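To start, the structure under review is shown below, and the notes come after it.
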Amino acid sequence: MHELSLCESLVSLLEEEMQKLGCGALKKVVLQVGPLALIEEGAMRFAFEVASKGTVVEGAELFIEWIAVRGYCLDCQKEALVYKIGESCPCCGGVMILSEEGKDLKVASIEVE
């Protein structure tokens with residue numbers, strides 16, 4: 001479960017930012033995640049809760065926005081946007097091959113008190 005190590009790094013990063021900003025508590029974190037980051041949403045939420053326990057990040061809501069990447073269908077040979085690995089082609093239901101992009105995992109925004 002690499003989500004835990006990702007969340008431990010995320011919490012450290014957020015703590016540093018909170019200290020720089022001089023804020024007391026974090027209310028909300030919005031992550032943007034590409035399909036090739038291989039993140040399982042439930043595991044990420046659980047890991048965030050565990051990693052943030054006892055920190056200024058504890059209790060913050062985690063929002064995950066899935067970033068679409070361009071995929072190519074092997075069957076109908078059309079391009080389409082794909083949000084998750086394993087999605088079928090929206091045109092024909094065929095197998096989609098993802099581009100090299102989509103490995104992103106970034107903090108899009110935070111909300112503080």
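Using N, Cα and C of the backbone, Cβ positions are placed for all residues, glycine too.
Some features that Swiss-Prot has for this protein:
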| type | residues | note |
| --- | --- | --- |
| BINDING | HIS2 | Ni(2+) binding site |
| BINDING | CYS73, CYS76, CYS89, CYS92 | Zn(2+) binding site |
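DSSP assigns the residue listed as 'Ni(2+) binding site' to a helix. Listed in chain order, the residues near the Zn(2+) site other than CYS73, CYS76, CYS89, CYS92 are LEU74, ASP75, GLN77, LYS78, ALA80, SER88, PRO90, CYS91, GLY93, GLY94, MET96, each with its Cβ within 8 Å of the site Cβ centroid. CYS76 (Zn(2+) binding site): 12 other CB atoms within 10 A of its CB, across all protein chains.
Rounded to a whole number, the C-alpha distance linking CYS73 (Zn(2+) binding site) with HIS2 (Ni(2+) binding site) is 29 angstrom. Take the binding-site residues CYS73, CYS89, CYS92: by the count of other Cβ atoms within 10 Å of each Cβ, the lowest one is CYS92. CYS89 (Zn(2+) binding site) sits 28 Å from the residue listed as 'Ni(2+) binding site', counting Cα to Cα.
Over all protein chains present, the Cβ of the residue listed as 'Ni(2+) binding site' has 13 other Cβ atoms lying within 10 Å.
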